[in-house]
Amino acid sequence: MPRQLSAAAALFASLAVILHDGSQMRAKAFPETRDYSQPTAAATVQDIKKPVQQPAKQAPHQTLAARFMDGHITFQTAATVKIPTTTPATTKNTATTSPITYTLVTTQATPNNSHTAPPVTEVTVGPSLAPYSLPPTITPPAHTTGTSSSTVSHTTGNTTQPSNQTTLPATLSIALHKSTTGQKPVQPTHAPGTTAAAHNTTRTAAPASTVPGPTLAPQPSSVKTGIYQVLNGSRLCIKAEMGIQLIVQDKESVFSPRRYFNIDPNATQASGNCGTRKSNLLLNFQGGFVNLTFTKDEESYYISEVGAYLTVSDPETIYQGIKHAVVMFQTAVGHSFKCVSEQSLQLSAHLQVKTTDVQLQAFDFEDDHFGNVDECSSDYTIVLPVIGAIVVGLCLMGMGVYKIRLRCQSSGYQRI
């Protein structure tokens with residue numbers, strides 16, 4: 001019985017000691033519970049380096065602040081945290097013997113736009129034996145974003161954007177449960193001088209060199225004969241040998257003076273189209289063109305359309321005209337047409353075309369030579385008067401000789 005009483009007394013004594021120690025520990029851990037309704041424990045890097053000995057209500061409230069000094073952005077790194085401590089601890093806290101390493105990694109924006117990585121500030125905080133130390137049993141988040149607004153400088157090109165974010169890596173053994181300040185959105189701004197300038201390039205077109213147009217002659221002159229050909233693949237389609245002259249008049253009057261322009265074969269380019277029933281010959285020269293259209297019937301072909309265009313520079317005047325549904329230089333299929341005499345065609349009231357020394361053929365060529373020649377009727381009209389004049393002259397000469405002879409015979413006889 002005395003042993004049981006002594007054991008009970010020892011038990012009560014130990015319980016009293018335990019309760020006494022627990023009350024002292026709670027008094028030390030939570031000196032003023034009335035101020036813990038909304039506790040805010042914030043510590044800068046400088047405050048974390050040494051143990052916290054002050055009560056929670058006197059803890060300074062600090063945030064991540066940015067200061068502008070001499071045009072550069074400098075950051076005073078601060079981690080603002082809120083530690084819920086409304087629930088009193090019922091367990092016995094023992095001082096940690098191994099040091100707890102808190103690594104706070106911050107990045108600072110460099111003042112210039114460079115491609116180098118931002119400097120990293122790493123702070124190692126020693127162990128704290130204060131009763132208000134953060135519990136090391138909470139797993140940290142991957143990272144938290146800084147609460148202060150940061151300015152991101154955009155540079156042209158593919159460059160990394162330096163962000164003014166406070167990143168807490170996984171090596172940090174504490175968790176920031178709630179931030180005391182709301183996060184502000186990051187507003188990127190373009191740094192002056194880094195954006196690509198828009199160049200308003202004004203291209204001034206070089207003035208085109210004006211080529212002087214054809215000049216007109218007041219009097220007609222001899223026309224050069226040119227040879228113009230149009231090929232259908234490797235076969236000859238149109239072949240023309242002729243001289244062309246354009247005659248212009250400024251007024252629709254017979255008494256209006258005429259001016260003349262001769263087409264130079266050396267400065268003329270021939271082109272055209274070939275068909276089974278219709279082909280055309282286009283002659284391009286400086287200041288204008290002449291177009292001839294050939295039409296083929298069952299047994300003959302002819303020029304069915306003639307058009308011309310001429311631009312004169314001094315004074316600047318345009319003369320143009322076209323004649324449809326004409327029958328000009330008609331001849332048999334497979335033959336060539338020849339006309340030495342001048343042929344004129346009125347295309348408009350101010351433009352007239354004249355050809356001379358013409359020999360041409362379209363369709364049905366044998367080799368590259370002209371076929372049988374069919375001459376124009378105007379050439380015959382020139383020859384016949386000449387032949388008639390020659391015949392009349394010969395007749396007159398014969399009659400004169402006969403008359404003279406009669407006189408001689410009559411003068412040789414006398415009457416007896």
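Glycine residues also receive a Cβ, built from the backbone N, Cα and C atoms like all the rest.
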Per Swiss-Prot, cysteine bonded by disulfide to CYS376 (from CYS339, CYS395, CYS408): CYS339
Candidate cysteine (CYS274, CYS395) that Swiss-Prot pairs with CYS237 in a disulfide: CYS274
Which of ASN232, ASN266, ASN291, all glycosylation sites, has a Cβ with the fewest other Cβ atoms inside 10 Å: ASN266
Pairwise CA distance, ASN232 (N-linked glycosylation site) versus ASN291 (N-linked glycosylation site), rounded so that it is a whole Å: 18
Cα distance (Å, whole number) from ASN266 (N-linked glycosylation site) to ASN291 (N-linked glycosylation site): 17
